[in-house]
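Q: When I checked TrEMBL for this same protein, it listed these features:
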ACT_SITE  109  active site, proton donor
BINDING   12, 13, 14  N(1)-(5-phospho-beta-D-ribosyl)glycinamide binding site
BINDING   65, 90, 91, 92, 93, 107  (6R)-10-formyltetrahydrofolate binding site
DOMAIN    3-182  domain 'Formyl transferase N-terminal'
SITE      145  site 'Raises pKa of active site His'
């Protein structure tokens, strides 16, 4: 069974979606570790309730990103982690994790990248007055939402929509799209060759 670490900072709705996908289908992976930079985050309590190992501490307690990520790397190795799945993890991944997990860290972002990278993507879309935004699943590299795109799905912004309305639409798409893409990655399906991603997995 492929062992996965989920990194999350908030309520963990995508964490829930990933676990649900694994439980309601032929089991394609196992979340063996939850990493959070916010010990009081709701996702931490969800993982503990499910008996999933949790690694949670404040990055400020360490001298620099490398020290913080070195502890995470040690835990990933201890648990035999093969994939890292970011699910609302609000920190950039540094070289300490990127190098050993090159091509095996995946993220979901609430826009059609390369448009509206970074934080507040839905607000950015509203500010630009676009009629369509969406969801992107991509491989993580050293940049801010710049890694190879694996899959995207559009979300319409209607005239009467509030930011909250669009955020809910996007979450609904994420909860279906993200587990589907992660499952394909874990299984090693070649349907993503068009993104050039699997060249990095070898």
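Cβ atoms here come from the backbone N, Cα and C positions, even for glycine.
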Q: Just report the maximum Cα pair distance in Å for the recorded (6R)-10-formyltetrahydrofolate binders 65, 90, 91, 92, 93, 107, no decimals.
A: 19
Q: Between residue 92 ((6R)-10-formyltetrahydrofolate binding site) and residue 145 (site 'Raises pKa of active site His'), find the distance joining the two CA atoms and give it rounded to the nearest Å.
A: 9
Q: Please compare the binding-site residues 13, 14, 107 by how many other CB atoms fall within 10 Å of each one's CB, and tell me which has the fewest.
A: 13
Q: Going by DSSP, is residue 12 (N(1)-(5-phospho-beta-D-ribosyl)glycinamide binding site) sitting in a helix, a strand, or coil?
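A: Residue 12 (N(1)-(5-phospho-beta-D-ribosyl)glycinamide binding site) sits in coil per DSSP, no helix or strand.
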Q: If we check Cα distances from residue 93 ((6R)-10-formyltetrahydrofolate binding site), which of the recorded positions 12, 13, 14, 109, 145 wins as closest?
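A: That would be 145, nearest by Cα distance.
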Q: Roughly how many angstrom lie between the C-alpha atoms of residue 91 ((6R)-10-formyltetrahydrofolate binding site) and residue 145 (site 'Raises pKa of active site His')?
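A: Per the Cα atoms, residue 91 ((6R)-10-formyltetrahydrofolate binding site) and residue 145 (site 'Raises pKa of active site His') stand 11 Å apart.
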Q: If you count other C-beta atoms within 10 angstroms, which of the binding-site residues 92, 93 is the most crowded?
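A: Going through 92, 93 one by one, the largest Cβ count within 10 Å is at 93.
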Q: By a 10 A CB contact count over all chains shown, which of the recorded positions listed here is most packed: 65, 91, 109?
A: 109
Q: Cβ within 8 Å of the N(1)-(5-phospho-beta-D-ribosyl)glycinamide site's Cβ centroid: which residues qualify beyond 12, 13, 14?
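A: Everything else in range on the chain: 8, 10, 11, 15, 16, 17, 18, 43, 87, 88, 175.
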Q: Just checking the recorded positions 13, 14, 90, 145: which sit within 10 A of the residue listed as 'active site, proton donor', CA to CA?
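A: Cα within 10 Å of the residue listed as 'active site, proton donor': 145.
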Q: Given the recorded positions 12, 90, 145, and counting only Cβ atoms in the protein chains shown, which has the most within 10 Å of its Cβ?
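A: In terms of Cβ crowding, the pick is 12.
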Q: Expressed to the nearest Å, what is the distance separating residue 14 (N(1)-(5-phospho-beta-D-ribosyl)glycinamide binding site) and residue 65 ((6R)-10-formyltetrahydrofolate binding site) at their Cα atoms?
A: 25
